[in-house]
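For reference, the structure discussed in these notes is given below.
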Amino acid sequence: MTELRQRVAHEPDAPPEDKESESEAKVDGETASDSESRAESAPLPVSADDTPEVLNRALSNLSSRWKNWWVRGILTLAMIAFFFIIIYLGPMVLMIIVMCVQIKCFHEIITIGYNVYHSYDLPWFRTLSWYFLLCVNYFFYGETVTDYFFTLVQREEPLRILSKYHRFISFTLYLIGFCMFVLSLVKKHYRLQFLFIFLFLQFGWTHVTLLIVVTQSHLVIHNLFEGMIWFIVPISCVICNDIMAYMFGFFFGRTPLIKLSPKKTWEGFIGGFFATVVFGLLLSYVMSGYRCFVCPVEYNNDTNSFTVDCEPSDLFRLQEYNIPGVIQSVIGWKTVRMYPFQIHSIALSTFASLIGPFGGFFASGFKRAFKIKDFANTIPGHGGIMDRFDCQYLMATFVNVYIASFIRGPNPSKLIQQFLTLRPDQQLHIFNTLRSHLIDKGMLTSATEDE
């Protein structure tokens, strides 16, 4: 913008439209660069000390370092207890909690954007943000309902119509939001809005936030449907790594890890890795023995409720593995009995401890860019909900990709559900094709075909 103004200043015969465009970029004697400087220097809310008074009194004699250690520890135990409670309440409650966490994280990020750029007087910033959140949730969860509640959807006429035209309705809702965005453009700020603000700050800010928050929470729900173990183990590994990295760093940390997070140390990073791998193996061993954790979450049409009862797959059956000779000489064992899922848990815990923290580093860079300590002050000693789930969202994507790549196979029940919705002639054609295929494979005899 500065180069454009200099060029116009040295071209006295500039066309009228160029001068008019320049006047649009300068409103009431204020240039675009002035507006940017004003926005960057705008003070952001400072997180207040929201530690409960009872803890403040109990820990008043401790130094700030140890006081923070105890506050974080006590609140961490409280959150872990809450996590156990919602697991006990079942998959439906877990889905509701995921939705609530998603909304709170979205609110925290959008609030930061509004506080930083409210000086631009952008119309409908928060309205459009929440509208797009509604649209994206309608699209993703509509897809999930159609996929996992197929029989229920086909049984109810309104749901069947919504399912059939789901993507068209979703696109229509998105177009309405897009038109609202265009209508919110202010004449005197066209150049600023398109070049500097709206495409990046409002339209882009909202869409990137939706990508980070809503898409990842949708993947969390998908992981849950594969079996609660695919939900609990990854989340627990991230929690374990967060706690153990903090503990190792607090007591042994000496070497800084990354400039984005000055308090992170190599000692905490490495200690957290080994502790998380061991924790993942132990937790996987315990959970693999219970059907309620390993069975896929399915909807029972007869009882109108979720069921988690099945015959466990080979992934959750104890098997005997030979130990490499080098390790045999150390531990004295030739074989070990373990669940195949425990081997997968090593991949999950490794990602949670080596790659997962980069979600936290990204969040730290984001907060430093806007000169804030935490996303919010919802949890004393921990910051906002987004501060606790910055690594979880990255983990959710990895688990979903991992399941699709190495675990999930064709689902017979879903194929049958789709088969039953076809026309009779289409069903007969598939039946004859399948029968011929089975005869060629020798699984059916020609006598069976004649019958």
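Quick reminder: no glycine exception, Cβ is built from N, Cα and C everywhere.
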Looking at 343-363, 385-405, which stretch does TrEMBL describe as transmembrane segment?
343-363
Do the transmembrane segment (343-363) and the transmembrane segment (227-253) come close, with at least three CB pairs under 8 A (pairs 6 or more apart in sequence)?
yes
With CB pairs under 8 Å as the measure, which of the listed stretches 69-89, 95-117, 168-186 comes out on top against the transmembrane segment (227-253)?
69-89
Please indicate, using numbers and ranges, the residues of the same chain that are 6 or more beyond the transmembrane segment (69-89) and have a C-beta under 8 Å from a C-beta there.
51, 55, 59, 62, 97, 228, 232, 235, 239, 243, 246, 250, 379-382, 388
